Amino acid sequence: MESSCLRLHLQPHHLLFPTTTTTTIALRLNYLHPSPSTPSLLRLSSSSSSSRNPSQHLLLLLPLRCSPDSRVEVSSDSDLAPIPPSQRTLTALDMASLWVGMVVGVPSYYLAGSLVDLGMSWWQGVATVVAANLIVLVPLVLTAVPGAALGVPFPVLARAAFGLRGAHVPALLRALVGCGWFGIESWIGGRAVFLLLPPSLKSSPAALAPVSWLGTSPLQFSCFLLFWLAQLAVVLRGMRGIRELEKYSAPVLILLTSSLLCWAYLRAGGFGRMLSIPPRLTRSQFWAVFFPSLTANVSFWATVALNIPDFSRFARSQADQIVGQAGLPVFMGLFTFAGLAITSSTEVIFGRVISDPIQLLGRIGGGLPTTLVAIFGISLATITTNIAANVVAPANALVNLSPRRFTFARGALVTALLGIAFQPWRLLSSSESFVYTWLLGYSALMGPIGGIILADYYLVKRMDLDVAALYSQNPRGPYYYWNGFNAAALAALVAGILPIVPGFLCNVGILSNTRHAFVVAYNNAWFVSFFVSGVAYWLLSLRRGRGSGDKHQSA
């Protein structure tokens, strides 16, 4: 079996009509009248090079050792088809490069500086980031295992727990968050483009005057669209283009970050000021800030921890995906230190703290060449983060929703358009605390989905999935459940979200106050929702006696 498509070497006497040639035919299986006691009649779509009509349908009568309940209805050219072992070429270095590309970015830089703004010392901020990434590394690697083992993407893996139709719920929730982040990252990249404009244009009142219905100025919106279009050039090349971009950009990003760190060190005369700043929080104040900050940092990569099978399905082996991802806490810790060190040095260099890296790049001297290199670096960092973290999952979710209407490229285009609809300039117009509202808020959606999928794969299904059944629409299949929906998974999803809702509504001002228990639950949204949903799903599955389901053999 290659991918989801059978490839048979047929002799003339196998066919039900005269032929004089031996041919190889790629099959899309469609069981017409299967019966346990009789051979299965198949309708075959020929892809033989010897066939004059590529869409010619052949009828074949073969005795198959196959359950009549199994139907494979996915074409080998589908973006969701299992990746055959021969095409799983992603090495540990490739996976590490992917993470370097995603870690080095403006949001990561912002997140590091915000911890110090909240009163932490530099080492407390770095320690919080590293601890959060060590925590998220566990579900990240565990969720990547079935992707590497089976070659299936996240929307298909979700079918095992949520059902063939119910899987659209977690896939679309993940896609929605990805679209929001795509818009935010694209707006940040557009700000970098803005720095390249002539000073006379950037200071023009007419160009900078905001349009009331748009919410921003035409000039800034044009820079945003220009950066938005630049990303599409990579996105429309599909996964191959994304993998190449991440692979070759990683060393460039490391070099540019190191150069900026060295510049800050030399201009500021060292990092003594940063290292000497004591924490501004008492012990009780620190713990009150620590847990929401820890949750925010966990939720920062909780999105990718869900759809990591979209990447691990290309991994050469389990060892490659595990070793490649093990560097995430190290990469985040180092980049956090660099961000804090550079930010603290700006007070010595410019007389005030500049926490925005884009503003900082606009202040660095050296003429046009230095500015071009700086803008190139921040644009590359934004693109590599945005495409890998915020495009792949929404695009695959749309392909899963309607394979006939969407390809990966079309799904990515819709993702980019929805990113504009989110109006990121409005989202980022508020204070830094909104980022925590955004991060903590969507972690209540990502946490329960991750808990359910891991509980299903490791506790309920015992790491034993029927790949063919994941693509089958047969009502008697093990993952069809009730009309394509697994009620236990949906109930567990709701159970994980509900405890977070009062705290969220209070945080955004809809509720004036709420119980302290709900506030604590919201401050630890990812942890609470993850464990509540995971445990609830496990108990409901045991009660229903689903176990690992009835395994069906497939051809």
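A Cβ is built for glycine as well, from the same backbone N, Cα and C atoms used for every other residue.
Worth saying up front: this structure is predicted, and the values here are computed from it rather than measured.
In TrEMBL this protein carries:
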- 96-116: transmembrane segment (TRANSMEM)
- 122-150: transmembrane segment (TRANSMEM)
- 171-197: transmembrane segment (TRANSMEM)
- 217-236: transmembrane segment (TRANSMEM)
- 248-266: transmembrane segment (TRANSMEM)
- 286-308: transmembrane segment (TRANSMEM)
- 328-350: transmembrane segment (TRANSMEM)
- 370-393: transmembrane segment (TRANSMEM)
- 405-423: transmembrane segment (TRANSMEM)
- 435-459: transmembrane segment (TRANSMEM)
- 480-501: transmembrane segment (TRANSMEM)
- 521-540: transmembrane segment (TRANSMEM)
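At the 8 Å Cβ cutoff, the transmembrane segment (435-459) and the transmembrane segment (328-350) share fewer than 3 close pairs (sequence separation 6 or more) and do not count as touching. Across 122-150, 171-197, 248-266, 370-393, 480-501, the stretch most heavily in contact with the transmembrane segment (286-308), judged by Cβ pairs under 8 Å, is 122-150. Remote same-chain partners of the transmembrane segment (370-393), defined as residues 6 or more beyond its termini with a Cβ less than 8 Å from a stretch Cβ, comprise 98, 101-108, 154, 171, 174-175, 178-179, 181-182, 185-186, 188-189, 192-193, 195-196, 227, 230-231, 234-235, 239, 242, 245-246, 249-250, 252-253, 256-257, 260, 303-304, 306-307, 310-311, 357-358, 361-362, 364, 412, 415-416, 419. The stretches the transmembrane segment (122-150) and the transmembrane segment (96-116) meet in space: the count of Cβ pairs below 8 angstroms, excluding pairs fewer than 6 apart in sequence, reaches at least three.
Taking Cβ pairs closer than 8 Å, the transmembrane segment (248-266) reaches residues 96-98, 100-101, 104, 335, 338, 341-342, 345-346, 349, 364, 373-374, 377, 380-381, 384 in its own chain, all 6 or more past its ends.
Remote same-chain partners of the transmembrane segment (171-197), defined as residues 6 or more beyond its termini with a Cβ less than 8 Å from a stretch Cβ, comprise 105-107, 154-155, 158, 219-220, 223-228, 230-231, 303, 306-307, 358, 361-362, 371-372, 375, 378-379, 382-383, 385-386, 389-391, 393-394, 396-398, 400-401, 415-416, 418-425, 427-428, 438, 442, 445-446, 449.
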